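Peer 1: So TrEMBL lists these for the protein:
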type	residues	note
TRANSMEM	34-54	transmembrane segment
REGION	65-87	region 'Disordered'
DOMAIN	95-224	domain 'Palmitoyltransferase DHHC'
ACT_SITE	Cys126	active site, S-palmitoyl cysteine intermediate
TRANSMEM	144-161	transmembrane segment
TRANSMEM	181-204	transmembrane segment
Amino acid sequence: MLDPRFSRLAVASSTLLIATLAYASQLLLLSPHLSRAQCIFFNTLVACVWISYYRSITTHPGSPPKDWAPPVHDGEDAEEGRGRAEERRLVVGTGKWCRKCMGYRPVRAHHCRTCNVCVLRMDHHCPWTNNCVGYRNLPHFLRFLAYSAFTSLYLLTHLFSRCLVVWEARNTPAYSSPHTLPQLLLLTALTLITIFTTFALSILSLRTFWSVTNGYTTIETWEQDRHDALVARKKVPRQEFPYDIGFWDNLCSAFGGTGNILSWAWPLSRTRSVGETIRGSGDVVMQGGLEWEVNGYEDLSVVWPPVDPDKLSAAGFEKAVETTVAEGEGDEWVEGVRRRQREDLDRRRARGETGARQEELRYPRIAEKGWEWRNGEGESLADYGVEVEAEGDDEDVPLAVLMKRKMK
């Protein structure tokens, strides 16, 4: 991730790049060789890029209301939840305490260290827009990526066509060349820049849309990678990602809860509001940004991201082992844990560590501490813009707040 301190420079650079590729290519090179229809089509695409980029920059990603708090469920709510679990369609409206905002934030929300606010369904802080990508501006960001990648690809086809003309005329005298020397230099530069831009945008777009169609945010892909690493090391039992509700429903959720494909592509589509009523699959009704539909593969009490094994108590870890055994994966999992425990114990004994330290090896711990873990690309949670110090737990809630909720 680009350093947030350079975000303004990144926005200026992106603006200059769009303007150069869109207008210098036309005015100085392609204009005489484009038909009227091609010119209108290309400039329409460019306009969509500008609008989507502007809205990605200026639209607030969405924050939880200051007085928002997770609902307190009674017995009737729990019974209703079990009934909905049988239909494999649930709504999760729980949350965690933010140490920075001193308030609750819903699931999938994180505190951005650059914007200094909690962002609903935070995907990441994007330095190229100098803004977080979150619940409200995610559709604009997706449109910006799609239009940018397609427009640069369309431009590249016309630049290649001019390169082909130049190549076919390579044996003709210089005075009959289809382009002047400055135009040839410009054609070469624009072609190289457009190739790189198209490749980068295509990779970013494919990666982003892959995450969206699978129900993930960019941050949640990091959380999933970390969970997979923990499972592979026999640290924790496997837990299913809860927000993957199917290819089509995932797309509808990302584009504001609507299945209207035309509105997905329309750059002036309405920006959704926090807390507005949104219909999910079937008869599911949610508060936009504050509640999320889940697939029901896990129990309602199971949270995502999975609990950090460094924070698991001995009793909690034993319970996790019992759960895994009950699910039929226990023998292999427990044996793997015990093997790693013996190996760790032997290594520590070889270094002459105390028995008190050896006692800690009764329960496995990941070598990388919590949010400091890095994925295969070398990225930690902080690289996505998250203020890791604000990733609080239930025990961080002030007593006065708990008492106030209890009295409601």
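Each Cβ is built from the backbone N, Cα and C atoms, and glycine gets one as well.
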Peer 1: Averaged over the domain 'Palmitoyltransferase DHHC' (95-224), what pLDDT does the predicted model reach?
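Peer 2: Overall, the domain 'Palmitoyltransferase DHHC' (95-224) comes to a mean pLDDT of 93.
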Peer 1: Pull the DSSP breakdown for the domain 'Palmitoyltransferase DHHC' (95-224) and write it out as helix, strand, coil residue counts.
Peer 2: 74 helix, 19 strand, 37 coil
Peer 1: Relative to the Cβ position of the residue listed as 'active site, S-palmitoyl cysteine intermediate', how many further Cβ atoms are located within 10 Å?
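Peer 2: Neighbour count, Cβ to Cβ under the 10 Å cut-off: 26.
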